[in-house]
Amino acid sequence: MNNSSKMAQALLILAILAAVLLYALYPYINAFFGAFILYVVFKPLYTYLITKQKINKRVAAFTIILLTIVLILIPLYFLMTIIIIQIQSVIFDTDTLLAQLANINTYVEQFSSATLPIGINLQEKLTEIVTAAANYFSILLVNAVQSIGQRIIEFVIMYFLLYYLLVGINSTCSAKLTNAIPFSRENTELLQKEFTNIVNATLISSGIIAVVQGGLLTITFLLFGVSGAFLWGFIAMILSFLPVVGAPIIWIPAVIVQIIQQDYLAAVGILIGGVIISSIDNFLRPAIQDKVGKIHPLESLIGVIIGLNLFGLLGIIIGPLLISYVVLMAKMFNEEYLSENKTDTD
């Protein structure tokens, strides 16, 4: 058996083992990416603690972990609790919402008779939509409760990995990981730098947009007398991390509610304000990402679409990272192997 055949067999075995490993780890892939993202974000603070404050590495790592829990998990827990309570109030009180719909029955009948084909009952359609939405959210709540165990395991894995990333993997293990990457040391460092750039660019752009959209939506709701303006503004700020669809999840229902309550001035005002607020995402996010991380807008858009579908909320970061890595590694492969083979042939 010649060397080419042996190499082909070795690559095949390696590919099979890698596929099995990825398949086994896929349910927890968000935990791994989450750990690396937190590592990139909090590494400067960790470095400051151990170099400037002379804090022990392990103590500094535990400090970072506690800080992430306080800044991320606890607020997220309270936010989800508030959202669940709001959803439950709709799910278990659909009669009240349907009664509000009945308040505009006269308007609905006029609109139906004037614009809709004969035989279509708009009031009945709205009732069906409300009931279907309530059933949908009830299913979401059940699924969320059932997945608590999975989420706990993911958080344990994420923080376990984050701890060792901060404290530092021993030199032997680090050398093995570096040597396993089939590119030169220079290109390996470039891949690491690209990861840091994309994480920083995505978080900075998303953070700025979240604050701007959440703040403006709060002001808009206050101007038109929407109850819970600060709460909904805060929720909009969190949802603004979802490109395009984030803020509209809040202001579109608000417009519908104002129409139901026959406050058409507020409905038009919130609609105009919502469109303006949402349009901020379209030009501000690409501009910041291009400036901070040199991420092309098309690369970011395609990456987010792919990432959200595969990885959920973390896909906002992971998606553009995957797109960037595919392009970058293809370029590296061409430079290190194809160009080299072409030179040898010549």
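Sequential numbering from 1, following the chain as shown.
A Cβ is built for glycine as well, from the same backbone N, Cα and C atoms used for every other residue.
Copied over from TrEMBL:
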TRANSMEM  7-26  transmembrane segment
TRANSMEM  32-50  transmembrane segment
TRANSMEM  62-87  transmembrane segment
TRANSMEM  156-177  transmembrane segment
TRANSMEM  198-224  transmembrane segment
TRANSMEM  230-252  transmembrane segment
TRANSMEM  264-280  transmembrane segment
TRANSMEM  300-328  transmembrane segment
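Among the stretches 7-26, 32-50, 198-224, 264-280, the one making the largest number of Cβ pairs under 8 Å with the transmembrane segment (230-252) is 198-224. The stretch from 7-26, 32-50, 198-224, 300-328 that makes the most Cβ contacts under 8 Å with the transmembrane segment (264-280) is 198-224. Residues 37, 40-41, 230, 232-234, 236-238, 240-241, 246-247, 250-251, 254, 258, 263, 265-266, 269-270, 273-274, 276-278, 280-281, 284-285, 288-289, 292-295, 316-317, 320-321, 324 of the same chain lie 6 or more positions beyond the ends of the transmembrane segment (198-224) yet place their CB under 8 Å from a CB of it. Among residues of the same chain six or more beyond the transmembrane segment (300-328), those with a C-beta under 8 A of the stretch's C-beta atoms are 29-30, 33-34, 37, 190-191, 194-195, 198-199, 202-203, 206, 241-243, 285-286, 289.
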